[in-house]
Amino acid sequence: MTRRKIHWSKLYSFSCIPHRREPRHDQVGQRGYSRVVHCNDPDNPEAVQLNYRGNYVSTTKYTATNFIPKSLFEQFRRVANVYFLVVACVSFSPLAPYTALSVLAPLIVVIGATMAKEAVEDWRRRKQDIESNNREAEVYGKDHCFHETRWKKLHVGDLVRVHKDEYFPADLFLISSSYEDGICYVETMNLDGEMNLKLKQSLEVTSSICDESSLKEFKAVIRCEDPNENLYSFVGNLHYGGKEYSLSLKQILLRDSKLKNTDYIHGVVVFTGHDTKVMQNSTDPPSKRSKIERRMDKIIYILFTTLITISFVGSFFFGIETRKDLSDGKYRRWYLRPDDTTVFYDPGRAPLAAFFHFLTGLMLYGYLIPISLYVSIEIVKVLQSIFINQDMDMYHAETDRPARARTSNLNEELGQIDTILSDKTGTLTCNSMEFVKCSIAGVAYGRGETQVEREIAGRKKEPAAESSEISSGESSDDKDVDTSYPSGRHIKGFNFHDKRIMNGRWVNEPNHDVIQKFFWVLAICHTVIPDVDQESGEIHYEAESPDEASFVIAARELGFEFFERKQTTISLHELDFESGTKVDRNYELLHILEFSGSRKRMSVIVRSEEGRLLLLSKGADSVMLERLSKEGRSFLAETRDHINKYSEAGLRTLVIAYRELGEDEYRIWEDEFVKAKTAVSADRDALIDAAADKIERDLNLLGATAVEDKLQEGVPECMEKLSEGGIKIWVLTGDKLETAVNIGYACKLLRKGMRLITITLDSPEIEALEKQGDRDALAKASLESVRKQIHEGKSLSAKEKTGSFGLIIDGRSLNFALKKDLEDSFLDLAVKCASVICCRSSPKQKALVTRMVKVKIGRTTLSIGDGANDVSMLQEADIGVGISGVEGMQAVMASDFAIAQFRFLERLLLVHGHWCYRRISMMICYFFYKNITFGFTLFWFEAYASFSGQPAYNDCILCYTRRECKTSSSTGPGFSGGCPMVLEAPSSSSSAQPTQSLGRRSGLKGSWLTMRSSGSRCTPA
């Protein structure tokens, strides 16, 4: 088996430091870090004593032994089923007014049907488990050869071989791969939904263990963390050859990941079965019940009360009539033979007879409780889910993704939505970034016009001004817009037009040295994977985010082509401004300081061919501008002005900066950074961030980038229809305020004539307090400022009751607005506004806002998002809708419904939601009408039969009445009517808002009319 040479290795391992380390072991061996794995040593007595669980995985709810008891327990958690079970038991006694079969048969049918449904669903899960557990894997045996065995037979410590495009059978420690440097490519689609490839790399000491002789001699011990659900961390060390080596997530291959672009890997099983991280994460989502189900439970309680009441009334009058039968030793109704009767009809013991009659009445009038209602509703909801899944109007052909109802419990809730809380990036926009503009050395470049700029120009009724983007020193010739692409075709990720720096003309610019450094940062500061097509020679880039891909493509199109990445070098074809020719340059990659949500920046440290040490950095302006040196702020004012203009145009911006390092400074810092990287402790990430923070200072500003994330097709029209339907829409985004506002106008969330109420802490007073550094004074002043702005907004909305308002609030202000003493005031203001935009929002803030709206308003809320940062928001809302977009499938996996594009939400709510709610409501009302009519018919009959407890119908009719609704009701009231006119007139009464189909007032009125009609039918002429 041949191994690929290192020159094919295209990825850098994120920390080019030796893997032989002296780690801190203050965590390993303690509680939570006690797992011991004996690698390739199954006969070791210590390994046998550990007795870890096997690799068998089960995701089923039931087993063959517990199905009947567990399923019955689930069924009798419903009060109605418990009642009918008690009635069925009592029906075998003389108290029953009819035969036991007429009660027992419907109960058995209903419960049996539900249990059968549970069994079918569980069997499907069981089949998936069988398929997974019986996959084949190659295991290194005692005869020193690899043999195929089933996944379920793997044990901790086994040495396995996995080939290209195969899934990893367990959580593995990577020993070696087909590459000499021990790297491999992994696809984690099944774990986090991300389609981009991840890089894994073995320790240097094990990367050469690949042939039979070295595998035979390989024996080692791994001490690591106990099984946990954290997919993004691993703490442990390897004891091999008398030395210790610290391990990280880079050496761990997780179960259900797939090996890509690598011929094979060797690994040792660390976690098996339910101990693997993917199984540790397989928790059930929070249970959600629709408002109709909760209201239905209340109605059933009312019917129970009615049942007890009429049974008591009947038994009371029965006792009176029975006592009258014996008066002065004479029998009034002699034909009933009261002298020869049982205790159930004994004039001498009338109170006892009345009590037994009360029990008889509970069974006789039990038809008030709809026994088959629950199972009938389940059948209807499943069929409605099929309609949603097969709706071709919600099918996205480009990605081959239909709509999916991931749960059938909430179909009718779609028709009761009051507020939608939406993410922006990837939800309203495509999350397909295009490099449009940039600012370099205080000069703005790029002439393209964005969707938002066109919308702004439309509002102002004037063309979008380009002069503001061009320096005053330009000639008229320079202002000609170059609309052609260099290659004559559109390039994905690149929509930049400016003659001044395209086609190598940047060398003629006054600040050509700054321009060169700017594009160095774009071409080097990233984690992109270049993939060269061997036939055409074209280079395709695999990036972790669309932003990174657009930056590398922009650098390539402007003369800095990134074409190769090795373990410690990055290679560029770049234009040398001195010679004016293309040259190949190699940059030694020393360290990557990775991007994170808390850091909001990314940096690389490289050494050029001339021996210069460079720190290249890019990040959000909120964290980058404060890190500039005094000498590096030459064109800060111009750059900040350009960033604001780009934000107003709806563009996403990043600040580009660099710094040249001294050898002594770098050496001192590297020692601290390596120490932090090798720490085996819970605070390892914090130590790394602290070390990175020390070097990412005193930067020199180069400029800023601006990329466009275009709106998805049909978003403005969808927003408009939903707003016309009376639905309030909130957008929760991490973008800057100006960007969020202009995106709001572009997608018609904000409309012409709408008054905007803006709550922000970007005021001179707050900025002055920030510079002073007094946190207590800053917090107090911020709280009072937000309180004042909320009060002013409420006053404005109260004065102009006829106007339409939009509320804009930034993330810092939102922190204070969500405090207990301001939360109610903020919500009062928000509900008076037609649209709300919360910008600079964190995932936690999104969840808190969603919870506030759901709990405080008390109406149905829907959250929609596409990324992992939206999961908490989706699970917090009454309904979560996930968009299967570029950011992976984590939002979809946490959602109740999944769609491919935001525009499909219009049909999901205004068509399917409207009719699901209407049909379910009609069916439930029909059930209660039928049962109340039938029950009170019996009651009126009893009134004319001296409340004798005799049924008016025979047992066959009674049995049929209890079961017929499972068929006729499901296909009748549950599926009547069509929906072609809903979208033509989406008013609040006909489309989105809750109707009175199952309202409290209409329900009581219907019950009264039912009792009257049933009484009139039984009154003799």
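Keep in mind that glycine also has a Cβ here, set from the backbone N, Cα and C atoms.
Note that the coordinates shown come from a computational prediction; the quantities given were computed from them, not determined experimentally.
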- Task: From the ranges 299-320, 915-936, pick the one that TrEMBL records as transmembrane segment.
- Result: 299-320
- Near the Cβ of Asp870 (Mg(2+) binding site), how many other Cβ atoms are there if near means within 10 Å? 30
- Note on the structure: Per the Cβ filter (under 8 Å) with a sequence gap of at least 6 from its ends, the transmembrane segment (79-97) is approached by 103-104, 106-107, 110-111, 297, 300-301, 304, 342, 344, 356, 359-360, 362-364, 366, 369-371, 373-374, 949-951
- Note on the structure: Rounded Cα distance in angstrom between Arg840 (ATP binding site) and Asp423 (active site, 4-aspartylphosphate intermediate) is 11
- Note on the structure: Across all protein chains shown, the one of the binding-site residues Thr425, Asn869 with the most other Cβ atoms within 10 Å of its Cβ is Thr425
- Note on the structure: Of the recorded positions Asp423, Asp866, Asp870, the one whose Cα sits nearest to the Cα of Gly734 (ATP binding site) is Asp423
- Item | Asp423 (active site, 4-aspartylphosphate intermediate) to Asp870 (Mg(2+) binding site) - Cα separation in whole Å | 7
- At the level of the C-alpha atoms, what whole-angstrom distance separates Phe595 (ATP binding site) and Asp866 (Mg(2+) binding site)? 20
- Item | For the binding-site residues Arg652, Arg840, the one whose C-beta sees the most other C-beta atoms within 10 angstroms | Arg652
- Task: Measuring Cα to Cα, tell me the gap between Asp870 (Mg(2+) binding site) and Thr425 (ATP binding site) in whole angstrom.
- Result: 11
- All-chain count of other Cβ atoms within 10 Å of Asp423 (active site, 4-aspartylphosphate intermediate): 28
- State the Cα to Cα distance, in Å, between Asp866 (Mg(2+) binding site) and Thr425 (ATP binding site), rounded to an integer. 8
